[in-house]
Amino acid sequence: MAFMEKPPAGKVLLDDTVPLTAAIEASQSLQSHTIVRRYSDFDLLNNSLQIAGLSLPLPPKKLIGNMDREFIAERQKGLQNYLNVITTNHILSNCELVKKFLDPNNYSANYTEIALQQVSMFFRSEPKWEVVEPLKDIGWRIRKKYFLMKIKNQPKERLVLSWADLGPDKYLSDKDFQCLIKLLPSCFHPYIYRVTFATANESSALLIRMFNEKGTLKDLIYKSKPKDPFLKKYCNPKKIQGLELQQIKTYGRQILEVLKFLHDKGFPYGHLHASNVMLDGDTCRLLDLENSLLGLPSLYRSYFSQFRKINTLESVDVHCFGHLLYEMTYGRPPDSVPVDSFPPAPSMAVVAVLESTLSCEACKNGMPTVSRLLQMPLFSDVLLTTSEKPQFKIPTKLKEALRIAKECIEKRLIEEQKQIHQHRRLTRAQSHHGSEEERKKRKILARKKSKRSALENSEEHSAKYNNSNNSGSGASSPLTSPSSPTPPSTSVTCHLPVCQQEEDICITSTSSTSTTTSSSLASCEHRGTCPALVSGCEWREPRGLAQLYPEFPKRNFEESQNL
């Protein structure tokens, strides 16, 4: 596809931050998509992930006896545990290798090749640039690629070209989108990393910045080399150590100042993390302002989408600042969010800021504003010395377009949070009702209900038998003429649960043609309970019903026989 060519109609813009879960099933039909993987595929994935330096629990290979049922069941558990470890690791779960393994239909394209095609098209119209080498996998985004560049008449100077595809939050019109991208080189701020060149088409954007040998703030924290792959740099650091208190205060104040500047300008950001902060001496400079224009999802989206109070891009920036501050303080990201308790920090003022952005109470009740964070003791006494005056002029028409796009991004976030909330409620309800304790409770309630129902039915049944005994005496039985026809025979079957023995009574009553004045019961089938007490039946010792119904003694049965 040419650089200025429109994207194909119906192209799906995926959110790569959506976490994937995987479950190994034994030949079951699932609602979600199903993939078939051999053990060799798992082995290949595991070898590819060795660059991360993690010890992943892949079950060992077995050559003999690998078709035994017990071995297959045991391996299934092992592979499930292996997938659980990968999908719960925030860095591994977002990498291209894992996405392609679990969702090959949506991640089958070669994005490096696509980026090279787009960049080569760009160089046809801009011949002064030249590619030195591709910087493979230095970032975490699957659809964002980097290349080391140089200017032909300045061969020693190195620059970085970044190419990115559109994301699911791209709500700007193509015209406004291209105008805003081309406006980025005119943005001057002491804490924003300068954009040398920027251009865009309807499907992607391309930006060029100066290459910094020192790397980002994350490279400083993890003591890594900027050109190394993302998994190698940050997945398993050799030494975990936070920054000094003065560095935390200075860098934090600088980042908050630039966030306040963007918020006042009405420019949405939402992509703050340590890899998007470039270090230039003792100064932090923000990167990737184009991400929100492209509609790319945030690195921490899977975290703040769990909390319905974090529903604006300003609150998203504050929450992401909490992640960044935690990483600067402890040298690693938090294990989970919200954070219940914080380890010892260089100052209690640091813990106060962390509690206001990452604690359970903060995530439940909402984030403070950037202005409120600037007033907290950790940053209020930091003096910033800079002579560069901020400058970023956005036309009124584009400001309105940014406002509408920001509202659409926040609306999608709110809808996603609502769906996650409903799903969690449903999951909790299913888990609660499926627990062993709840099953026992339901069984006890069912038994009580059955006993009450049986008692009511038995009382009804006893009243019918009283009427039957009275009619069996012949006093009130109507005379039947020999010539009068009798109604056809009928059969009635009743199943009555008995409360003590919980067994069924099956009573089959049949009426036959007769000229006698008394009715007779042709058959009485008895299943573990008392027989029907009407004339024409033999007495059998009652088993349990006589104790429940004393109004039917043996005496009444013998009197009815004499009559």
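Using N, Cα and C of the backbone, Cβ positions are placed for all residues, glycine too.
As annotated by TrEMBL, compositional bias 'Basic residues' applies to 420-431, 440-452. The compositional bias 'Low complexity' annotation in TrEMBL covers 466-483. The domain 'PX' annotation in TrEMBL covers 1-109. The domain 'Protein kinase' annotation in TrEMBL covers 71-464. The region 'Disordered' annotation in TrEMBL covers 420-494.
Each residue of the compositional bias 'Basic residues' (440-452) gets a DSSP state, and the totals for helix, strand and coil are 13 helix, 0 strand, 0 coil. Look at the compositional bias 'Basic residues' (420-431): DSSP puts its residues at 12 helix, 0 strand, 0 coil. Mean pLDDT across the domain 'Protein kinase' (71-464) comes to 91 in this model.
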